[in-house]
Structures are given as C-alpha cells and as structure tokens.
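Colleague: TrEMBL feature annotations, pasted as is:
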TRANSMEM  33-64  transmembrane segment
TRANSMEM  85-106  transmembrane segment
TRANSMEM  174-192  transmembrane segment
TRANSMEM  204-224  transmembrane segment
TRANSMEM  265-285  transmembrane segment
Amino acid sequence: MDWFFQLLVAVFIAFLIAFRAHRKKSLSNSGAIAGFFVMALHFFVGYRFGAVLLAFFFSSSALTKIGEDKKRTLDPEFKEGGQRNWIQVLANSGIASVLVVAIWVLTEGQDKCLNSKDSPLITALIGAVIGHYSCCNGDTWSSELGILSEDKPRLITTFKHVKKGTNGGVTKTGILAAAAAGSVIGLSFVLLGFSTTRCESSTVLKQLLVLPIATLAGLFGSLIDSLLGATLQFSGICSVRRKVVGKPGPTVKRISGANVLDNNAVNFVSILLTSFFTAIACWYIF
C-alpha cells in the first residue's frame, strides 16, 4: 500500500501547486491541467523528481515576474506573470515525464542511487532527468535575467552586438545565471535524495558530484539553446512595433536565424541534447 499513499501525496501536492499557479497567472487553464498531471507523475515516481520539477517551476516563475515593465517593452509576446499553456508545459517536461516512467518501470518504484556498477541504465536515465531540468532552468534564468542586464547582448555565432530579445543573444549575466540555475537543480536533487534514498557507503559522497554536473548542464543547455536560436530561429526588428519579433513580415528586417524552429521547438531540441549528454556523463562518472 506504500504506492497508494505516495499516489495520494502526489495528487494532493500537484493539485495545490497547479491551483496556486493558475491563480497567480503562472499557468493558463490548459497549462494548469497539464501541469497537474506532470507534477503528480513526478512525485508518484519519486520525491526527488518532484523536487527538481518544483525547483525549476518555482524559481523560473519567480524570475519571470521580475522586471515585468521592462520585459513588456522588449517582448512582443509578453504575458502577464509569464503565463504558460499546455504546449509550453509539455515542451519543458514531456521528455522528463517519459524518462521518469521508464525509471519507475525499471526500478519497480524504488528510489535508486546513481551507481553505474549496480545499474548503468537507471543511472543514465536519472542523469537525463537531472540534465533535462538543469537545461530548462538554465535557459529560463539566462533569458529572464539576461534581458534585464545592463550588458548589450552579443549574438553567439558572430559575437556582434544585437538588440535585446534577439534569439541567440548572450550576456555575461545570462551565462552566469544559467550555471547558477543548474546548480539549484542539482542541490534540490541531492538534498532530497539524502533523505529518501539509501546508498551504499562507497557511493554516498559520490552523489555530491551531481552538483557540478547539473551546473555544467545548465550552462550547456543554455548555450545550445542560444546556438539553435541564432541559427534556426528567426529574429527580426519590426519597423512599426519597434521590437524584436520572431516571425518574418513586410515590416520586419531580419537580424539573424532561419525561420525553421519556433521557441518551443528550440527548447525541445536543446533539452533533448542536454539530457542525452548528461545521461552519458552520469553513466561514465558514477
């Protein structure tokens, strides 16, 4: 009956958070419904996975609301409170949801430590989840704090100065924020892991290596996102609105990027790549 109790806890926590996020306009109607199922799934599989999801959601939502007046003048698609719909929720949690289900099946619902000698596949899958949310958090922190920075962004492919809001534009503040965001994911995983997971004495301290791995994953994910944004996502300046926009048009002068991927697609690809490389790193290190 332990699984039933954990299911009740997962549903209760997910409902409270989704309801609160909807009231605070962090999630739309569809986003709250999708968020409920995603959060319930994560907490049911393991409290560590719920913790990293919440670390991403709460920290990114808080930063999204900082400097809203300035962001409103720069972002043509600005939404009050950074409200996310179901597409954005799944773009930022879909891969992780598949991963945690695979982990639950392989572990039969038991929390496992990162230990490739015991189970290389499970270790790689857990690493992929850590990389997933480190990337999500890194990209969000980098974007939300970078756009408020006094530094003028440089396009990651040419290092030329570009207008704020240009896809692929990076700042020192944004790069440092991405690394810090990854470390928050790593810290939340490690802290809750020590209280919910029993590791062999030879692997306990090694779990702390999640911190630098998550930090690098946050940085890597943000840079990959910027590289994709600069090359495969369109950015242009609209002469009417006088803002950087993400779609070509008769009044839009191109700044950079081809009109191949939208923002959700860029996020998905960068998450996929970061998850893969973090999985390989954890498999090798642990």
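Backbone N, Cα and C define each Cβ position, glycine as well.
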Colleague: Which residues of the same chain, at least 6 past either end of the transmembrane segment (174-192), have a Cβ under 8 Å from a Cβ in it?
Modeller: 47-48, 51-52, 54-56, 59-60, 130, 133-135, 137-146, 149, 153, 207-208, 210-219, 221-223
Colleague: Quick test of the contact rule: Cβ under 8 Å, at least six residues beyond the ends. What residues does that give for the transmembrane segment (265-285)?
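Modeller: Distal contacts: 91-92, 94-96, 99, 114, 116, 120, 123-132, 134-136, 139, 167, 209, 213, 217, 220-221, 224-225, 228-229, 232-233.
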